[in-house]
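A.B. asks: These came from TrEMBL, pasted as-is:
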type: DOMAIN; residues: 206-332; note: domain 'PD-(D/E)XK endonuclease-like'
type: ACT_SITE; residues: Asp240; note: active site
type: ACT_SITE; residues: Asp253; note: active site
type: ACT_SITE; residues: Lys255; note: active site
Amino acid sequence: MKMKFFQTICRQLRSSKGFSVESASPVAFSTSSYSCGRKKKVNPYEEVDQEKYSNLVQSVLSSRGLVHTPESLVEEDALLYGPVIRHKPPKQDEDTRMPRNWFPIFNPERNDKSNASDPSVPLKIPLQRNLIPSVTRVLQQTMTKQQAFWLERWKQRMILELGEDGFKEYTSNIFLQGKRFHEALEIILSPQETLKERDENLLKSGYVESVQHILKDVSGVRALESAVQHETLNYIGLLDCVAEYQGKLCVIDWKTSEKPKPLLRNTFDNPLQVVAYMGAVNHDTKYSFQVQCGLIVVAYKDGSPAHPHFMDEELCSQYWAKWLLRLEEYTEKKKNQNIQKPE
């Protein structure tokens, strides 16, 4: 019975187009010389469209005795089961994290009436250096691994191109250009400043030319290069400017860049710096007004128009939560460092 079934299968394969059957091992009979005089019975397998599945059957038969490789197994699995859909782990959304110790960015004890008075002389409170961490230090110490990697990579590439001494000179020049740019803006925005010959040279820089269209919308300057301190959250900073931009009172941060930064995300941690100053101003007793918006202005040395990045109340509140997380991370890191110090 088994032999008849095998002979029937061989006869069907021989009759199908493109098939050749060879015995795997010598047997006592030959399929090529076998003939049957009996009347052929109707087999349900003959009703199958053999041409449709001939390629699959042929690939299975021709692969007998061959050594499989990882690549061939993958191809076979793809043919039988379809392409592999790789599982992606759920992405952790950093925005869902909330600070353990929440503190508001806006001061409920101050209202908008305090913003109505426009002082003739902007505040300029000197920064007192002490043990309280600055906003800049907190951001530097809590930089992500990715940010630290790209910063170090940029530094090493610049050193390879310029050398150690050349890189030091380059960074020194960048710092000096930024300092002169801020001095020029202080002259422009201070109503009582008198122009001198040295000042005129400062005003001729490409950075100043870059921000001319921004300065047209700036008015009502309240503070310039002024220190702030958040006594509750325990940090200090030196803000660039507090003034009205298009009618909104803002903490304004002036930045210089060699590359275009048309989007807010291109400014990296600058939004956190702005909201940190905002929260400090709103709770610092030396300031009587409340700031509800932020503005980052990126100026360019070649004089091309600067990019302004305005931050409304909602956006500032979102970045404030991130700033509180960085502040908590810094506090935790300093606490662990103190514990590990030998007595």
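Every residue gets a Cβ built from N, Cα and C, even glycine.
Just so it is clear, the model here is predicted, and its values are computed rather than measured.
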A.B. asks: Pull the DSSP breakdown for the domain 'PD-(D/E)XK endonuclease-like' (206-332) and write it out as helix, strand, coil residue counts.
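C.D. replies: Residue counts for the domain 'PD-(D/E)XK endonuclease-like' (206-332) by secondary structure: 47 helix, 47 strand, 33 coil.
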A.B. asks: Counting Cβ atoms within 10 Å across all protein chains shown, which of the active-site residues Asp240, Asp253 comes out on top?
C.D. replies: Asp240
A.B. asks: Name the residues of the same chain, 6+ apart in sequence, whose Cβ is under 8 Å from the Cβ of Lys255 (active site)?
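C.D. replies: Long-range Cβ contacts: Lys261, Thr267, Asn270, Ile296, Val297, Val298, Ala299.
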A.B. asks: What Cα-Cα separation, expressed in whole Å, is found between Asp253 (active site) and Asp240 (active site)?
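C.D. replies: Cα-Cα distance, Asp253 (active site) to Asp240 (active site): 6 Å.
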